Amino acid sequence: MSMFLDTAKIQVKAGNGGDGMVAFRREKYVPNGGPWGGDGGRGGNVVFVVDEGLRTLMDFRYNRHFKAQSGEKGMTKGMHGRGAEDLIVRVPQGTTVRDAETGKVLTDLVENGQEFIVARGGRGGRGNIRFATPKNPAPEISENGEPGQERELLLELKVLADVGLVGFPSVGKSTLLSVITAAKPKIGAYHFTTIVPNLGMVRTHSGESFAVADLPGLIEGASQGVGLGTQFLRHIERTRVILHVIDMSASEGRDPYEDYLAINKELESYNLRLMERPQIIVANKMDMPDSAENLKIFKEKLAANYDEFAELPQIFPISSLTKQGLATLLDATAELLDKTPEFLLYDESEMEEEAYYGFDEEAPAFEISRDDDATWVLSGDKLEKLFSMTNFDRDEAVMKFARQLRGMGVDEALRDRGAKDGDLVRIGKFEFEFVD
């Protein structure tokens with residue numbers, strides 16, 4: 001099980017359209033009374049709505065299936081069936097929605113009240129009024145409702161924080177958060193004390209405020225899933241400014257500069273765009289005996305190995321214990337936030353404008369295969385949609401479906417594959433004989 005409650009896989013099913021109706025008026029001089037069957041109602045959509053009051057995806061652990069209502073059937077007197085209400089599913093602010101099958105990002109839900117249709121309801125089937133023609137003024141034909149879209153979704157929740165605290169385990173991130181905000185993270189002198197992100201609000205002495213996330217501790221190899229790994233890195237993608245906290249006392253026996261390089265290497269390995277974010281170096285534990293000398297060496301190494309054309313990151317010596325240097329650090333952070341834009345999580349070209357619910361234009365209208373029992377099997381989105389909307393209880397509807405298959409080239413394709421008169425052909429669970 002994931003160490004964070006920030007991912008969930010769910011099933012969504014939009015409502016089917018209501019079936020159209022076959023009905024006739026009873027009027028003198030009107031053939032068979034004339035058609036009077038109405039259309040079915042639209043199936044309900046499944047709609048995600050951002051609720052700023054939600055903080056986790058915990059609810060989706062216990063309720064993984066969401067199904068909207070179907071539209072009502074068409075009625076006599078040409079009346080349409082009632083359309084179904086949309087199913088509203090509330091999600092936390094900061095939820096990214098992916099198609100679980102393709103991994104494609106469908107939407108990034110960041111604004112309170114933002115809505116997105118994740119599954120589109122099927123349209124209602126047409127009643128027999130719609131099929132009346134001069135040649136057939138009293139058609140005994142109607143359509144079934146279109147099936148609602150069904151899909152499996154992967155939800156990811158990323159912490160919505162302006163500033164992210166990163167660094168090796170036990171460098172003092174949780175303590176720093178506790179003294180600059182009202183947050184009360186778990187603090188301990190052992191690695192991975194923080195295994196879920198802690199959030200807090202900072203208010204500077206000048207009245208500016210911003211959100212800070214103390215993110216779970218990172219170790220080398222995190223971008224390959226080591227330790228808390230990619231679960232940690234997923235949470236930092238949204239932050240606009242990174243505070244890189246380093247233990248200048250070297251109390252764990254590590255070189256502060258090597259720590260700095262290792263963390264940045266992991267950030268770059270996971271996603272190059274993470275390194276586009278401005279970074280402030282927080283030299284923590286400056287109240288310890290060796291910290292001042294270690295900071296001097298750190299600055300020398302940083303200057304010696306930094307690109308001569310690049311601007312050196314700001315370094316702020318602080319002590320979370322004595323609160324030394326905190327006010328200066330927070331003012332600089334607020335100033336940097338003011339001039340740093342938000343970073344798009346994904347390229348806009350990767351985002352869908354709305355939920356995909358039609359057919360891929362490049363996909364073939366149908367495919368033909370053959371089972372071990374020699375039955376020809378027809379498949380394909382377009383063909384299966386036509387099949388599902390055909391009312392096989394009505395002879396006219398069956399004949400119309402046969403004409404549609406011929407129009408799509410199914411008969412010719414079966415002949416080309418070697419189908420002979422009397423061979424069985426299957427669509428879904430429905431079988432019929434091929435007539436040459």
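Cβ atoms are placed via backbone N, Cα and C, with glycine included.
For 167-174, 192-196, 214-217, 284-287, 319-321, the entry in Swiss-Prot reads GTP binding site, with the evidence type sequence analysis. Following the DSSP three-state reduction, the secondary structure of Lys285 (GTP binding site) is coil.
In the three-state DSSP reading, Ser174 (Mg(2+) binding site) counts as helix. Residues annotated as Mg(2+) binding site in Swiss-Prot: Ser174, Thr194.
Taken from Swiss-Prot, the feature domain 'Obg' covers 2-160.
Here the domain 'OBG-type G' (161-338) has a mean pLDDT of 80 out of 100. Per Swiss-Prot, domain 'OBG-type G' is recorded for 161-338.
Look at Swiss-Prot and you will find 358-436 tagged as domain 'OCT'. Counting residue by residue with DSSP, the domain 'OCT' (358-436) contains 30 helix, 17 strand, 32 coil.
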Per DSSP, three-state class assigned to Gly167 (GTP binding site): coil
DSSP three-state assignment (helix, strand or coil) for Ser319 (GTP binding site): strand
Neighbour count (Cβ, 10 Å) for Ser170 (GTP binding site): 20
Tertiary neighbours of Ser319 (GTP binding site) (same chain, Cβ under 8 Å, six or more apart): Asn284, Lys285, Met286, Asp287, Gly325
Residue among the binding-site residues Lys173, Lys285 whose Cβ has the most other Cβ atoms within 10 Å: Lys173
